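Below is one structure, written out as structure tokens; comments come after it.
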Ligand SMILES: Cc1cc2nc3c(=O)[nH]c(=O)nc-3n(C[C@H](O)[C@H](O)[C@H](O)COP(=O)(O)OP(=O)(O)OC[C@H]3O[C@@H](n4cnc5c(N)ncnc54)[C@H](O)[C@@H]3O)c2cc1C
Ligand SMILES: NC(=O)c1ccc[n+]([C@@H]2O[C@H](COP(=O)([O-])OP(=O)(O)OC[C@H]3O[C@@H](n4cnc5c(N)ncnc54)[C@H](O)[C@@H]3O)[C@@H](O)[C@H]2O)c1
Ligand code: SF4
Ligand code: FES
């Protein structure tokens, strides 16, 4: 006769354990599961996606009702176990059901912690833990406007993003002075806050909640400092507590969680615990990856398979908020005995921190670019010693890119290693989905195995397995919408703009049936760019869709002041201009005057109200140091003075800058001209760089000197200056017409391939067509500083738009005319 296995709790950890047990030994037990929720096992992680409108309830079911019956599992959903008689080996439910067991597994998960505030029992005060909470929020958003989320951790921020998508006004109340202090350091947290503010979230930091105001329903939240915030809905997301009461009442040893050994055994024979309710070596985990590892160990033990036992886990997290990339793993604070390698690129909004102890990677925080997350996490787990060569972890042995690629990583992984922590999917399962089920794209693997369906952090690894298994040529690229508001790709959007002659963002969103009719911080500036690129004459620039720096025509600094960078063509100035700059700097008490890497003069620390007057007194064009536009053309001394120079690089640089200034581009563009192959203007790390050679010039493209350094590739060798200008114009226009908004030329060239670019430009008639299109756009561009100085209407619009006090990058979240101001990730 089969033994009886009873499991209390029908959640993610428990059911994953049962699945693994069935794989190892399907006939050993008669299995009964009792679950308090009236649903089959679902993906709790994805509740954030349901709330954000990116998934529906059907999408998140992990095991449907049929799964239980076809595996001969007796499921009692909607019943709560209220008593365990460990002597008689019997469990009893709230509905009087009694079930006997030989082996009992407790998988009761956690309970959300509810702050015991006066008024916490009012209508509209909820947690965010299950389907019911999610449904309550969706319903509430239909009739109420103001939401307050208490807790600026992972859950609170994901709840806040979802509520914003439901068109609620959202304030996040956090007890600390920075967000996600359990996962991030101050720098990353500040960058995150600025980004979320730009999405429309408001933050009340260092606030201690005191009581909940309102009659029957919540009306607001009062703080200990006497202030308050209005609220129609309060979501508490201040942490979780392992659900241990039942175990405690049954005489099972309980600390914070149910105490278990390496085999997941509790203090009572034949009773085990797995998941968030369990405490192993003093740790109760709150993320699924370790819970799946626990389940795998327990499954082996109960299937009679020898195993080493559960040894504890290092955890990594990724915030599931669209448009924000945040990763954290291991020890990320600066503890004694640790040293950190930090890279911060304020220009592209990227921050990377890797923490070492004794030469080994023990933790990491990534913001903006999380592509290294899987690799760093793997290094934390492997404990590889990098003593004396720590920098290789981020910059690789040659100082360029990082050491092991994702391809190397997956090659070194064993088949039973978990690739997708959120869904417990192993490398073998992914490989099988490709070789046996015929999956040829990331989306198909996602649908087949659920890998990459939750936080998306494992995407690069899943893609690497796909490429390694099928070969790069056989992988199907997946169609991805330009943001969460639409399923339409960039190409479909641009094609529709052209075909239907759409000239405003509203039209595009309406005609293409945007899921979110207001758009978001990702699609609104992108649409504004595409519309301007396709219809330079017909489209009116939508100022409110521009990033905050572009609206101010100046770069906002972290203290809320601005920087002013006048145009200095080719980096060549005159005594007159220098005198003007000096007297303006003196008059307005500019605290810092700095020469930039692009050979310009930067006046830093300017008050917003001084901007127009300073521009007027400078009487120089804007240097566009803030825009997705042509920034600078850097030049070397060239043949005029340099004894090596073969060409007049200064003349060419100035000519180029005069020709292409004010050009809107998908991302910032930097050019350079060097007078000989010694390349003093660093032309080979620019978006386009010219290097003079004997009898002509070489044109290099797709270079980048930022965080992801990339050497430019040779596009063409030409003989005359006219050809240099023609190729440059054609190249820039081709980039404008085919790149994704926000994509630097270095990324674009890699994505489309240099050969494609060469092919598009090789015929003279094609180049001429591109040149005529770029010239049409250039002919319409006006200097923004001059316009604001000379045109009263524009000046009032500027004053009104910038009237709200800016608080450094944080100001980006303030609404203007009911719209969200976008922050600038592209200083
Ligand atoms: C919105 C949200 C987003 C999340 N996102 C992530 C993420 O991105 N990444 C990540 O790793 N983790 C995430 N988590 C955490 C993750 O969902 C949990 O770690 C995981 O679900 C825990 O699994 P579990 O089986 O231990 O507990 P649960 O999934 O909570 O399952 C326990 C079940 O037991 C039932 N139960 C309890 N007591 C009894 C009883 N006496 N009788 C019968 N049934 C009982 C409960 O009703 C519940 O259904 C998220 C959590 C939430 C709420
Ligand atoms: N993407 C993910 O991995 C993800 C997403 C959602 C939830 N989760 C998991 O779900 C669980 C619950 O998440 P969580 O964010 O509630 O837990 P948490 O403990 O990680 O964060 C709670 C936050 O609330 C703050 N807080 C505590 N008391 C407060 C108070 N009185 N006022 C204001 N703020 C207060 C804390 O400082 C903390 O930052 C965690 O285990 C988490 O890891 C993970
Ligand atoms: S690149 Fe050549 S021409 Fe230009 S400054 Fe350097 S050595 Fe002189
Ligand atoms: S690790 Fe989160 S979806 Fe795979």
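Just so it is clear, glycine is given a Cβ too, placed from its N, Cα and C backbone atoms.
Model, not experiment: these values are computed from the prediction.
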Listed in TrEMBL for the [4Fe-4S] cluster site shared with 636, 676, 680, one of 523, 642:
642
Cβ-Cβ under 8 Å from residue 642 ([4Fe-4S] cluster binding site), same chain, 6 or more residues apart: which ones?
636, 675, 676
Other than 636, 642, 676, 680 themselves, what residues in this chain have Cβ atoms within 8 Å of the centroid of the [4Fe-4S] cluster site's Cβ atoms?
637, 638, 644, 645, 649, 674, 675, 678, 679, 681
DSSP-wise, what's the residue breakdown of the domain 'Nitrite/Sulfite reductase ferredoxin-like' (556-619) into helix, strand and coil?
27 helix, 15 strand, 22 coil
Which range out of 316-383, 418-467, 482-531, 556-619 gives the domain 'Nitrite/sulphite reductase 4Fe-4S' (627-764) the most CB pairs under 8 Å?
556-619
Densest Cβ neighbourhood among 636, 676, 680 (binding-site residues), 10 Å radius:
636
